[in-house]
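Feature annotations, reproduced from TrEMBL:
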- 3-70: domain 'CDCP1 first CUB' (DOMAIN)
- 79-182: domain 'CDCP1 second and fifth CUB' (DOMAIN)
- 188-293: domain 'CDCP1 third and sixth CUB' (DOMAIN)
- 315-403: domain 'CDCP1 fourth CUB' (DOMAIN)
- 410-494: domain 'CDCP1 second and fifth CUB' (DOMAIN)
- 514-627: domain 'CDCP1 third and sixth CUB' (DOMAIN)
- 637-660: transmembrane segment (TRANSMEM)
- 734-821: region 'Disordered' (REGION)
- 748-757: compositional bias 'Basic and acidic residues' (COMPBIAS)
- 771-784: compositional bias 'Polar residues' (COMPBIAS)
- 788-804: compositional bias 'Basic and acidic residues' (COMPBIAS)
Amino acid sequence: ASFTISLRKVDNTTVTIKLRPGLSPSCRIRMKNIIWSELKIKPGENVTFTFTCSTPEKYFITEIQKNIDCVSGPCPFGDVHLYPPGLPRLNRTYIWDVKASTKAGLELKFSTSWLRQIEPGEACPDSISYNISSCIDKATVNIGTFCRNGSVSRVKLLGGVLMSLHLPWHSSLTTSGFNIANRASIKRLCIIESVLKEESSITLMSPNYPLGFPEDELMTWQFVIPPSMRASVFFHNYSLSNCERKEERVEYYIPGSPSNPEVFKLSDSQPANIAGSFNMSLQGCDQDAQNPGVLRLLFQVVVQHPQVDENVTHLVDLSKETNMTVTIHLEGWPNHIPLMSEPICLICKDPRTCDRVLTLTSGAVYRISFLCKDLSQLRITAEKGIGCMDIRWCQGKIYSLSVPKAITQLPIRLHKFIWKLLATDLINIEIMSPSLKLQQHVREQRCNTSYSYSIVSATPETQLNVGVFCPGGSIEKIQMRNNITISLKTFGKGFINESVPQDLKMSFVPHIKDECIFTVSPKPKAKVYLQTPNWPLSLPPYVSVSWFIVVPSKQTARLGFSRDRMGVACETGRAYVNIKEEILGAEEIVRREDELLPQPRNMHHNFWVNVSNCKPVDKTQLTLQFWVTFAEKQIDLGIILAVVAGAGVLTVIGLTVFCVKKKKKKTQNPMVGVYNANVNTQMPGRKGLFRKGRQNNESHVYAVIDDAVVYGHLLKESNGSVAPEVDVYRPFDGPIGSLPPSPPPFSFRKDIKRSSNTEEEPPPLMDTDQDTYTFAHQKSGQSEDNGDANKKDEGNISNKKDEGNTSVPLLENQEQDGLME
């Protein structure tokens, strides 16, 4: 098809058809048998042309520029038309360059669709966009880019105007959508009028955004709002320039305000809950010539109906709290911020200071109100710090980790309460739950309460996700090293009722050896699942964790592991699982990472489970889970039969002795004497008591033999009441310490190579004098079959006290913790 464009000279319009940037000239313009890649039609020209392809819209764009002079001649007020007609269907950009005096600004008025400002780089849904710039002398200031269907109804500009309209090739729009209303002196860069008739939210930006607002300029936004509505202003993104003189500020003119204009810094909370229309102005300053900086602003205005409960205040008394902050926010904050166009909830600490997020600090009393239709959108996140720098001032104090009533009484759901417990290197933290106790959240035993605790322990070297716990379990206390973060997280609306008997407490205690020690005191017939911290990730390298399991006197515990092996391969050192009952002489069970874990076994006394990690090979992890069940103790049938048999033997012996004595009385035989010349016939003194070394004296040689002694071997074999006077081992009845068994130290876990390049196993461990309670490691020189032959020499070990006795250093540990979402 051919196209004819005729331009009148009086219209002062130029049409340019040119290739899209970056495209090869696969399509051309043919005019009078001449091929062109670009066509420019000037005022007064009449041109007919065709395209050499059937889809020119893929290759060409059209620019139509009209120059309007409002300085030397009359200004053409009224609607601005799209001229000329009959243009080919290409992407079109109409440009109106209006020259005007700086003493008489121009007003652009938009049709009923009005405009909506967008950020640079953002596209309009219908691909139709406007760009407005102000021309002062030779300087051009970009007022902004706008789409159709918004709230901006008018724009007044100082000096000339450069207005452009971009239309896609398929658009059927036939009107420009604006007119030049009049000329008026405004004495500022521009005035943007925005009309909001119903509940809505709009976003506006300062001129040249995100580049700098012109130096020492002033501009104003006028917001037309029905008297029955309320408006609130929120600054979302701003920056300040470097001022030499004056100060950058925001001024509000609010009808009825006792102090107009109200002046705010850009960093202040802006006015909220404004009744009716108001103006807002942005004032720049004289900038530093060497380092001007950038003044820019992006803000939001929210208009909504007055809330029924806007005058209802809630008292939040934090005057007796210390180191605590309370934040009231929308659900999903800060990761998810609702769209600016969505209805929002506002939290107000006074009638004019409202925001989506409100933070309250301890030591003060607040009266807050809510401008919100649905309070279920709001959440509370609180944080409290408890620290100890000197154990002399902290030891013995018990701190309650419960949510204050000032928070629970608000009509808002608590999302999370975080306690940050801070201590120095030599001070550790003990968390207790005396009455409710804690249950570890594991796959086999999930928490189903309305809240849970996530515990994270952080040392300078590592962070330990100890786990997720809820009330109603068997864990009585947890001891950890260094700084701890405990996060209470709620689920559903039942927290207020279920949390009334909160009994989580903490105290500061002296240094402990392991990274983490759990004290587990289960209920009778319970089954408890426990797993290593950092689950499902690995226990950190060289970290040791212990569990102390309390076994009631009339109960028997059965201990079992969920897997056969630890599942870790060591690059340096060894990983161990140590199990031992808390009774002297109890058997110690030790397994390395290359050995099978113990089979399920019964434990009759309180016992320890210790897990110590090595430095794992890449992609191997030490994750262990074990379970403990409890049942009533049962008397062994074999013991019962043995007791019955022993009683029978004693009865027989008694009858036999009785019969022999009766026979003696009848026969009245004299005692039998046996002469032995080597016998010392003196009565033994106090030193004659049977002691070790008895084989060296002669006190065991009988001078006279009683008839009853003839049957002494029967008494001995039947465990009778007549005990021989010999030394026997008696168990220690004194107190036993509560420290966990010492895990193998690092210096003995590392594989040390001899000069022959043969690997040697760590030497056996020695009991230490200083430990209140340790595993009974084998003595030097004894061998233990643990899968490998013991080696003789480990090289130079810095912990040796002498050649015959090696002192084993206690294992230093770190911590971890887990988080349930």
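Glycine too: its Cβ is placed from the backbone N, Cα and C atoms.
All annotation found in TrEMBL is predicted automatically rather than curated by experts.
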Notebook entry, point to check: What are the helix, strand and coil residue counts for the domain 'CDCP1 second and fifth CUB' (79-182) according to DSSP?
Noted result: 0 helix, 62 strand, 42 coil
Note to self: For the domain 'CDCP1 second and fifth CUB' (410-494), how many residues does DSSP put in helix, in strand and in coil?
What the structure shows: 0 helix, 54 strand, 31 coil
Check: Averaged over the whole of the domain 'CDCP1 fourth CUB' (315-403), what is the pLDDT?
Finding: 86
Check: How do the residues of the domain 'CDCP1 third and sixth CUB' (188-293) split into helix, strand and coil according to DSSP?
Finding: 0 helix, 54 strand, 52 coil
